[in-house]
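Feature table excerpt (Swiss-Prot):
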type	residues	note
BINDING	9, 10, 11, 12, 13, 14, 35, 89, 90, 91, 115, 116, 117, 118	NAD(+) binding site
ACT_SITE	145	active site, proton donor/acceptor
BINDING	146, 155, 156	(S)-2,3,4,5-tetrahydrodipicolinate binding site
ACT_SITE	149	active site, proton donor
């Protein structure tokens, strides 16, 4: 039996890529799409909804969310309330929101996934960076994205820093008496690590994790040149969450 999928934010670039992926997979069935600004009632024969409240009694298994940080939390909560296992690529969640959604998913006996990045290479980058941080505590992150991205730093950069912080010796990167001649020049501070965000047209999603040590350096980098790079992870997420009973944060938990 096919997994019935709703895609919220289907008009965006990630939403469109997800729609095409679902439509071409015989194990998946795209049963509805959601966008508050869509004027048509159907898209390729699939019903279009403008208000998520109208989906409250809809029959579906998985809610895929590529919307905006402003509505991602309430969308994920709505999905869990109505029996849809959420697969969320929208970023901007706080740690408190993630913890609350995990707990709520357990009470609903539903699986779910919030993933800062669905590219398998990005997941591997985070794992490699975590291993390296044990031996190279001096580290900075540079994340680069298209200029339409609304949150900074990226969810991937934050997740990378969180994972490294669990392993890394907590030290302040840079000179103790350094002075920023322009505010923000050294980037965001996460447990002594610096995170720098670049936003430029032409980019998709890229990240470097740069480690330094006496007389040597190590650079890890991942590049997504096309949004199709995320679809393997989205597909995996859809097929895995229906087997689970708790929401997880990070694609690595499903690998």
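Placed from the backbone N, Cα and C atoms, the Cβ positions cover glycine too.
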Taking only the recorded positions 9, 117, 149, which one has a CA atom nearest to the CA atom of residue 156 ((S)-2,3,4,5-tetrahydrodipicolinate binding site)?
117
Report the member of 9, 155 (the binding-site residues) whose C-beta atom has the most other C-beta atoms within 10 angstroms.
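Its Cβ has the most other Cβ atoms within 10 Å: 9.
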Quick check on the recorded positions 11, 13, 145, 146, 149: which one has the highest count of other Cβ atoms within 10 Å of its Cβ?
145
To the nearest whole angstrom, what is the C-alpha distance linking the residue listed as 'active site, proton donor' and residue 9 (NAD(+) binding site)?
14
With every protein chain in view, what's the tally of Cβ atoms within 10 Å of the Cβ of residue 156 ((S)-2,3,4,5-tetrahydrodipicolinate binding site), excluding that atom itself?
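A count of 27.
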Mind giving me a neighbour count for residue 115 (NAD(+) binding site)? Other Cβ atoms within 10 Å of its Cβ, every protein chain shown.
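Within a 10 Å radius of the Cβ of residue 115 (NAD(+) binding site) lie 28 other Cβ atoms.
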Can you name the recorded positions among 9, 90, 115, 117, 145 whose CA is within 10 A of the CA of residue 155 ((S)-2,3,4,5-tetrahydrodipicolinate binding site)?
90, 115, 117
Cα-Cα separation of residue 145 (active site, proton donor/acceptor) and residue 117 (NAD(+) binding site), in Å?
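The separation of the Cα atoms works out to 12 Å.
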Under a three-state reading of DSSP, tell me whether residue 156 ((S)-2,3,4,5-tetrahydrodipicolinate binding site) is helix, strand or coil.
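Residue 156 ((S)-2,3,4,5-tetrahydrodipicolinate binding site) sits in a helix per DSSP.
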